[in-house]
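Colleague: The following feature annotations were taken from TrEMBL:
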- 2-351: domain 'Isopropylmalate dehydrogenase-like' (DOMAIN)
- ARG90, ARG100, ARG128, ASP222: substrate binding site (BINDING)
- TYR135: site 'Important for catalysis' (SITE)
- LYS190: site 'Important for catalysis' (SITE)
- ASP222, ASP246, ASP250: Mg(2+) binding site (BINDING)
- GLY280, SER281, ALA282, PRO283, ASP284, ILE285, ALA286, GLY287, LYS288, GLY289, ILE290, ALA291, ASN292: NAD(+) binding site (BINDING)
Amino acid sequence: MKIAVLPGDGIGTEIVAEAVKVLKVLDLPFEMEEAKVGGAAYEAHGHPLPESTLALAKSADAILFGAVGDWKYDTLDRPLRPEQAILGLRKHLGLFANFRPALCYEQLTHASSLKPELVAGLDILIIRELTGDIYFGQPRGRRTAVDGHFPGAEEAFDTMRYSRPEIERIAHVAFQAARKRNKKVTSVDKANVLETFQFWKDVVTEVHKDYPDVELEHMYVDNAAMQLVRAPKKFDVVVTGNMFGDILSDEAAMLTGSIGMLPSASLNAENRGLYEPSHGSAPDIAGKGIANPLATILSAAMMLRFSLQQPEAADRIESAVRAVLAAGYRTVDIWSEGTQKVSTREMGDAVVAAIAGKTITTITKS
Ligand SMILES: NC(=O)C1=CN([C@@H]2O[C@H](COP(=O)(O)OP(=O)(O)OC[C@H]3O[C@@H](n4cnc5c(N)ncnc54)[C@H](O)[C@@H]3O)[C@@H](O)[C@H]2O)C=CC1
Ligand SMILES: CC(C)CC(=O)C(=O)O
Ligand SMILES: [Mg+2]
């Protein structure tokens, strides 16, 4: 078994190093091979997703990905920007189903910006369609407007589109996931304005006929954004398109305490997957050793469960994360009074120690 390790840029290298440490302590029969991606690959090879990196990703049983991007690349032509690497991997590998579980760990109830009673025990799953929508739709570009409010003016345009099979397959994923949970799917759309999302709603409703045991509700995205912070525990599985899912999952991250707590799995039809934290490369904190590595470590656990058939090892990682949080270890993004601020590396070390069965020093509240 081979894992392709693609750390990327910014905090990507720092957090992936901790996840790799955690995977190594499990002593499982797989090899890891690292390659550059994003801005790091652009610097080394002139392209954010070089052929060699793509070939490694295609040949591996699973991919552990950090994050890509930096403000300094924002003036590059779009095909050369670091973000094209992750978009390219999703497209080339057909990674259409993105699972973003938002769990509020008991110890982090007070780390959320919401009232503790709103988030205590939260366990929702956002399923984001990942290879369609306005992020991939063609045509797109710049041109001179021939109509609209300002004919003759320079304008930019993108294309929002979804085909029936694209919607059907993600809807099946969502209903099947809900069957293993609390049997409720909220399909988020903007059917009141966008034809693409009226179609989305119609197709999800048709697919629902195969799952009479699962409750389906439809919600407009603006309301969903509001309900997520009003009463998040009313959701079970949320299924939505690429752009709405991108935005809502960052919002949901704050229900868990921090974007540094939200892992993700992106799967294709063969259940091969790419595993990455839901956040980006965080250039504002890169190099400071303060990034929270837990989303990446928890993504590695998802990788063991979904792609590498190692559910016990995944459980061990998740239990270790609970143990270090219970012991009071906190990176700065989840720190609160009475807990211990630790660095990215110290958090990784604590998870490794917990897996190895070593006693973790409990930090007592002052
Ligand atoms: N999958 C990917 O590779 C993604 C890449 N990006 C790229 O990342 C770059 C930065 O984008 P932003 O909009 O700033 O989003 P971001 O997710 O990188 O950061 C947003 C905020 O969250 C904080 N943050 C993120 N991860 C954290 C962690 N593990 N621990 C503690 N704090 C954390 C950051 O410090 C920042 O204040 C851009 O180039 C963007 O395009 C953004 C999202 C996903
Ligand atoms: C390049 C972006 C589409 C990445 C992102 O924001 C995400 O996947 O959440
Ligand atoms: Mg995002």
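Positions of Cβ are set from backbone N, Cα and C atoms, glycine also.
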Colleague: Cβ distance under 8 Å to ARG90 (substrate binding site), same chain, sequence separation 6 or more: which residues?
Modeller: PHE96, LEU130, THR131, SER266, LEU274
Colleague: Can you grab the distance from GLY280 (NAD(+) binding site) over to TYR135 (site 'Important for catalysis')? Cα atoms, rounded to a whole Å.
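Modeller: Answer for this pair: 16 Å between alpha carbons.
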Colleague: Since the record lists ALA282, ALA286 as binding-site residues, which of them has the fewest other Cβ atoms within 10 Å of its Cβ?
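Modeller: Comparing Cβ neighbours within 10 Å for the binding-site residues ALA282, ALA286, ALA286 has the fewest.
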Colleague: Taking the Cβ of ASN292 (NAD(+) binding site) as reference, which residues of that chain separated by at least 6 in sequence fall under 8 Å from it?
Modeller: ILE15, SER258, GLY260, MET261, THR331, ASP333, ILE334, THR344, MET347
Colleague: Looking at Cβ-Cβ distances, which residues of the chain lie under 8 angstroms from ASP246 (Mg(2+) binding site) while being 6 or more apart from it?
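Modeller: Those within reach of ASP246 (Mg(2+) binding site), by Cβ under 8 Å and sequence separation of 6 or more, are ARG128, TYR135.
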Colleague: Counting every protein chain present, what is the number of Cβ atoms, excluding its own, within 10 Å of the Cβ of ILE290 (NAD(+) binding site)?
Modeller: 20
Colleague: Quick one: mean pLDDT on the domain 'Isopropylmalate dehydrogenase-like' (2-351)?
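Modeller: A mean pLDDT of 97 is what the model gives the domain 'Isopropylmalate dehydrogenase-like' (2-351).
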